[in-house]
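Chemist: This structure is in structure tokens; I'll ask about it shortly.
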Amino acid sequence: VEKDQKCIPYVWTVMFCGIDNVSHPAEVLWIPDITIEEMMQKDKAPQSPYVTLQSYGRVEDENYLTVVSTCKMQVYKFPFDAQSCSLSFKSIVYSDEDITFKGIRNKTVLMKWILEDMGNQYEWLFLNLTVNTTTLTNHGFTQSRMVYTITMRRRSALYIANFLVPILFFFCLDLASFLISDSGGEKLSFKVTVLLAVTVMQLILNEILPSSSDRLPLMAIFCIGIFGLIMISLLETILVMYLIDRDSASEENQADKGLNVKKWTHCASVCNVFDEPPSELLSVGKEDKRSQLMEESDSLEKLPDELSEAVKTLSLLLSRKEERKPDYLTRVAKKLDKVFFFVYVIVSTLFFVVIFSVWINAKDE
């Protein structure tokens with residue numbers, strides 16, 4: 001068209017752009033209602049508003065979830081334990097005819113993806129991941145379910161350095177306390193301090209381990225055993241100190257009784273001066289009181305004899321007691337302390353051998 005300066009051709013255009021997928025708003029497409037059975041809290045991460053449509057008909061809906069799930073912990077071998085936690089994916093309303101779950105068959109590829117994308121593992125070391133597809137039947141309604149089982153092992157080096165080794169050090173201090181003298185109260189106060197330190201470690205352990213565990217952990221048995229051994233050692237120290245104090249008190253009583261015997265002997269010698277009745281009493285007085293005075297003089301004659309016999313008997317008893325060495329209970333206490341030390345070491349060694357052998361040979365549940 002010359003006047004308008006236009007050219008109107010007929011053109012056929014064929015485009016090859018290589019586009020094999022497009023993004024489309026997720027709200028206009030059907031998306032299955034997939035849930036995780038073990039999930040405890042609602043995911044707060046923002047969801048992607050788009051889905052990807054592939055040229056061959058595949059639809060991909062990718063989202064990142066922060067999953068807080070339940071996992072029953074088996075802490076019998078703590079801190080040398082391994083745990084297994086599961087994530088079960090299933091639909092809420094659709095049956096296996098509508099939705100069927102299929103896991104990745106190539107385990108090598110799956111493990112590679114996990115290790116590449118894995119972030120902070122805290123105190124746990126990832127060991128394995130297994131995928132199982134099962135079918136649930138409830139009142140004639142059959143659903144497909146896919147279960148991922150994650151196996152982890154606890155890194156125990158920190159617990160050994162900060163918990164297990166200090167308890168062993170406390171026990172070694174209790175063994176070293178047998179070298180402290182039993183004469184003072186330093187040994188008793190030292191053992192009480194060690195016992196309180198083990199009690200503090202038990203309180204820390206109580207905060208770490210779950211209270212809903214089916215079996216008592218071996219670490220708790222270990223702490224209770226150490227606590228019991230130190231407590232028995234403390235009771236033995238109290239008994240030894242009691243025997244030593246009683247022996248000291250008996251020596252003081254014997255010294256006091258010796259002084260009393262000397263006083264009584266002096267009194268008896270003074271009384272013997274008056275064995276014969278005074279002549280003044282026989283010559284003075286009326287005739288009707290002579291008989292009464294004679295009776296009183298007879299009683300005075302018998303009194304020093306009886307007192308002398310009592311003094312002799314008491315002296316004989318004290319001499320027999322003096323034949324026994326004054327430190328008899330002290331020697332018994334020291335011998336008891338030595339025997340208890342050897343028994344204590346043997347029992348403690350057997351306890352450590354048994355508890356650590358069970359710890360090593362116990363199977364992960």
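Residue positions begin at 1 at the first shown residue.
Cβ coordinates come from backbone N, Cα and C, glycine included.
Pulled these from TrEMBL:
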type: DOMAIN; residues: 16-155; note: domain 'Neurotransmitter-gated ion-channel ligand-binding'
type: DOMAIN; residues: 164-256; note: domain 'Neurotransmitter-gated ion-channel transmembrane'
type: TRANSMEM; residues: 157-176; note: transmembrane segment
type: TRANSMEM; residues: 217-244; note: transmembrane segment
type: TRANSMEM; residues: 339-360; note: transmembrane segment
Chemist: Same chain, outside the transmembrane segment (217-244) by at least 6, Cβ under 8 Å from its Cβ: which residues?
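Modeler: Contacts of the transmembrane segment (217-244) (Cβ under 8 Å, skipping residues fewer than 6 from its ends): 75-79, 163-164, 167, 170-171, 174, 177, 182-183, 185, 187-188, 191-192, 194-195, 198-199, 201-202, 205, 209, 329-330, 332-334, 336-337, 340, 344, 347-348, 351, 355, 358-359, 362.
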Chemist: Short question: which residues 6 or more past the ends of the transmembrane segment (157-176) have a Cβ under 8 Å from it?
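Modeler: 78-79, 123, 190-191, 194, 197-198, 201, 204-205, 219, 222-223, 226, 229-230, 233, 344-345, 348.
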Chemist: Quickly jot the same-chain residues contacting the transmembrane segment (339-360) by Cβ under 8 Å, restricted to those at least six beyond its ends, or write none.
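Modeler: 77, 80, 171, 175, 178, 218, 221-222, 225, 229, 232-233, 236.
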Chemist: Can you break down the domain 'Neurotransmitter-gated ion-channel transmembrane' (164-256) into helix, strand and coil residue counts using DSSP?
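Modeler: Going through the domain 'Neurotransmitter-gated ion-channel transmembrane' (164-256) residue by residue, I get 78 helix, 0 strand, 15 coil.
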Chemist: Work out, from DSSP, the number of helix, strand and coil residues along the domain 'Neurotransmitter-gated ion-channel ligand-binding' (16-155).
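Modeler: When I sort the residues of the domain 'Neurotransmitter-gated ion-channel ligand-binding' (16-155) into the three classes, I find 14 helix, 56 strand, 70 coil.
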Chemist: What mean pLDDT score does the domain 'Neurotransmitter-gated ion-channel ligand-binding' (16-155) have in the model?
Modeler: 84
